[in-house]
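Working notes, structure below.
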């Protein structure tokens with residue numbers, strides 16, 4: 001029987017529910033259990049694919065092409081699982097399916113209401129995730145905080161789950177905030193008490209409390225919280241601010257969180273103890289890196305940390321392999337000109353230009369890529385970064401001065417980057433990109449092939465609607481650009497590189513989405529190796 005863990009949050013947002021869910025998932029996975037991660041987002045958008053990165057942050061992409069919340073990236077990297085369309089559900093997606101069923105007549109003329117139709121759909125999504133992944137445990141994070149109007153249907157649905165699948169198969173984990181008042185020099189438990197009271201008022205009794213705090217929570221306070229919340233004191237866990245995400249699962253294990261979970265849910269785990277030896281080595285490496293490598297990221301959304309979270313994480317993962325801390329300096333692409341590029345990039349050891357949409361900042365990207373190419377600074381381009389590297393090469397090596405991307409200038413004579421054929425008549429924006437996992441054939445004797453340890457075929461995740469215009473391939477190759485990765489039918493350019501440079505590689509796909517702390521993605525591994533000048537130092 002599948003077990004279900006629901007992670008909710010109270011008091012304030014951004015407490016780290018996703019990190020809590022991921023940490024529990026990692027511990028259970030390392031006990032030999034199959035874990036499925038899931039995120040419910042209460043916004044009415046169908047998915048975050050068309051949302052402004054400044055509002056929502058990065059859009060994460062799964063193997064099956066789902067555009068999802070960035071928390072799925074945390075799940076994949078921390079738990080080391082693959083997520084799917086069953087892993088991210090929004091209010092918009094729920095209502096869309098309910099209304100489609102109503103239009104088909106599936107409700108036989110009945111009045112469609114939040115209860116039972118919307119709540120039933122939410123429960124269906126939870127149980128479908130279990131069925132489609134054949135998992136032991138589904139861990140579902142409920143976005144927002146208890147008391148939010150938007151999350152009410154989700155709270156009601158997970159309340160009903162306990163009755164439908166049995167109390168022995170459901171566990172409620174509530175993440176709450178214990179503020180420290182510096183003036184009074186004391187922690188306050190009242191917000192936690194009120195948050196749990198609100199949760200109980202809608203029929204959910206939490207089985208475990210995770211207390212987020214910047215200071216250790218004394219035992220007397222835990223006893224007090226237990227008295228007011230009816231949560232056994234042994235099931236009250238503290239989650240202190242940590243210097244590294246690696247610390248969180250280890251802290252939970254020290255407090256016996258995984259054992260409490262398997263005891264409460266009556267799980268017979270294949271391993272009696274979670275094997276966290278490799279995790280501890282990663283934690284030790286991350287805290288004691290010997291070297292530093294400075295990387296410059298030139299992008300469109302640099303003001304928001306979460307906009308490139310998978311990219312910056314992937315850079316750090318590669319840094320661990322070389323025992324080097326990666327110091328990422330982010331520069332707004334619009335701020336880069338021919339006059340200041342030398343000053344801005346003079347101290348960098350590597351340049352990365354990640355993905356994005358729209359024409360803003362393209363000239364700055366092209367200028368920075370040109371400087372990196374001419375001064376042999378290691379360069380990695382991703383998606384839009386690959387497209388701008390192609391445009392830069394056309395302008396400054398092939399001397400096609402009007403070369404551009406059709407996204408920036410649709411009627412340009414030399415559109416090096418053009419709209420994909422199946423996108424030309426597309427009127428909708430959302431969910432219509434080339435999305436998900438696709439294969440690429442790698443050319444022998446290239447840096448790309450070397451990055452992937454000699455593999456002939458790789459599978460990577462994509463999110464784009466523009467592609468390299470094939471009529472220019474011969475001219476590019478004659479001028480020194482190598483097409484080191486292409487689709488199996490040789491139609492779509494996946495990777496370009498200048499082989500005689502220290503490292504000048506750009507990919508149409510998003511390599512950052514498959515990077516893991518203990519397994520850095522190939523292009524990031526090659527890029528940081530070239531930028532740092534270091535040898536691999538395994539931990």
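The backbone N, Cα and C atoms fix where each Cβ goes, and this holds for glycine too.
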Same-site UTP binder from 39, 222, 224, given that Swiss-Prot records 13, 188, 189, 190, 191, 192, 193: 224
54, 356, 384, 385, 386, 387, 407 bind L-glutamine per Swiss-Prot; candidate in 104, 461, 465 listed for that same site: 465
One of 71, 80, 106, 134 listed by Swiss-Prot as binding ATP at the site of 14, 15, 16, 17, 18, 19: 71
Longest CA-CA distance among 14, 15, 16, 17, 18, 19, 71, per record bound to ATP, angstrom: 13
Tertiary neighbours of residue 17 (ATP binding site) (same chain, Cβ under 8 Å, six or more apart): 7, 8, 9, 141, 142, 143, 175
Of 14, 193, 387 (the binding-site residues), the residue whose Cβ has the fewest other Cβ atoms within 10 Å: 14
Secondary structure of residue 16 (ATP binding site) (DSSP, helix/strand/coil): coil
Residue 356 (L-glutamine binding site) in three-state DSSP notation: coil
Count of other CB atoms lying within 10 Å of the CB belonging to residue 384 (L-glutamine binding site): 27
Three-state secondary structure, residue 141 (Mg(2+) binding site) (per DSSP): strand
